[in-house]
Amino acid sequence: MNISEMGASMTANWSDLHHLGWSASDRIVWWLRTILIEGTPRAMLQMLFGAGMLILTDRIDARSSDPLSVPLRYGWRNLVLWAFGMAHMLLLLWPGDILHSYAVAAMIACLFRGLPPRALLVLGLSYATFTMALGVSTVSHRLADPTAAFASATRTAKADDAAVAREDAFGHGTMAQWTAGQRAVSMDRLRNEEVVIVWEAAATMLIGAALFRWGVLQGAWSRRRYGWLLAVGYGIGVPLRLYGGWEATRLEGGFDVAWLWEDFARLAMTMGHLAAVMLAVQEAPGRRLLQPFVAAGRTALTLYVAQTLIVSWLIFSPIGLGLYGRLDWTAMMAVAVAVNALLLWGANVYVRHFRIAPVEWAWRSIVERRMLPLR
């Protein structure tokens, strides 16, 4: 859940950690979030999108010999998802929407679905490799001309401060101001960040496709192999994130380098989490522990939209409780845990009575051009 970006300045999340509170408990919560959670749910979802892309397109291929069946049917499915994402962004006013980006990314990833797993993995690492190469070049230029680097950092800091001030102004403003501000942030993201977001998503989807072809996501590996995957994932990811966290908390506004390898750290931590889940489901206690999350998977789209309605609208918006900017890191994470627990409970109750969740029902009914049964 992107609660810190819903309940406070999105820019301050990376430019000024203290803006969201920095008590002892805030520091503990921030460190746990940064090391264990940051970016990993997104990466896991992207990998599952990649696996789902293979499952769906293989199914379409098996049912039709027409070479256009996959791009047409899978393309229509993602076009509808893109429209849902744009509505989520521009009507429900969540600038951080991922649905529209993932719809585009899935179509790009689909172009490479026939490649062998190793080729999928290599292409999947393209974004992380590019960001690291770009970072090395940027750092080299900074070291070569420290004066220019300092001037550039100063300009960036001033721009970030101005963005924080703008976001706080409409966050504390009227409903009309909040609406206009959220839409302005959304349009800025579409103009300046969309290509990067789509590239990251498509690349990680290809990694997920490779893992699916190898049987990793299906639990087909041995405990020994998953154990090695866990050790390598955490062995790489945790140290990189520890350094990145130290740099963010000790060198704010200074010369930093951790962003060079952040995507490698994100992927490594995600692989560690994935291996931990696979190890857990191989044992009865682990399966019982994770069983409630099956319902969350079946209702994922609905839960995603519900998070926006509950957190962004009910808790933080001017027509809700108006708590924007009033919760620190600790309080926000407590709210996130509570909301997610409530939604998980609700999902389990819902699937006992219905076959398909509301947003999934609307999406799939449009895709299939018929009203699907809810029960």
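Just so it is clear, glycine is given a Cβ too, placed from its N, Cα and C backbone atoms.
Automatic, uncurated: that is what TrEMBL annotation is.
Per TrEMBL, these features apply:
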{"type": "TRANSMEM", "residues": "80-112", "note": "transmembrane segment"}
{"type": "TRANSMEM", "residues": "119-139", "note": "transmembrane segment"}
{"type": "TRANSMEM", "residues": "196-214", "note": "transmembrane segment"}
{"type": "DOMAIN", "residues": "211-367", "note": "domain 'DUF418'"}
{"type": "TRANSMEM", "residues": "226-244", "note": "transmembrane segment"}
{"type": "TRANSMEM", "residues": "264-281", "note": "transmembrane segment"}
{"type": "TRANSMEM", "residues": "301-323", "note": "transmembrane segment"}
{"type": "TRANSMEM", "residues": "329-351", "note": "transmembrane segment"}
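If you average pLDDT over the domain 'DUF418' (211-367) in this model, you get 95.
Remote same-chain residues near the transmembrane segment (196-214) are listed as 43, 46-51, 53-55, 98, 101-102, 104-106, 108-109, 112-113, 116-118, 120-121, 123-128, 189, 263, 267, 274 (criterion: CB distance under 8 Å, separation of at least six residues from the stretch ends).
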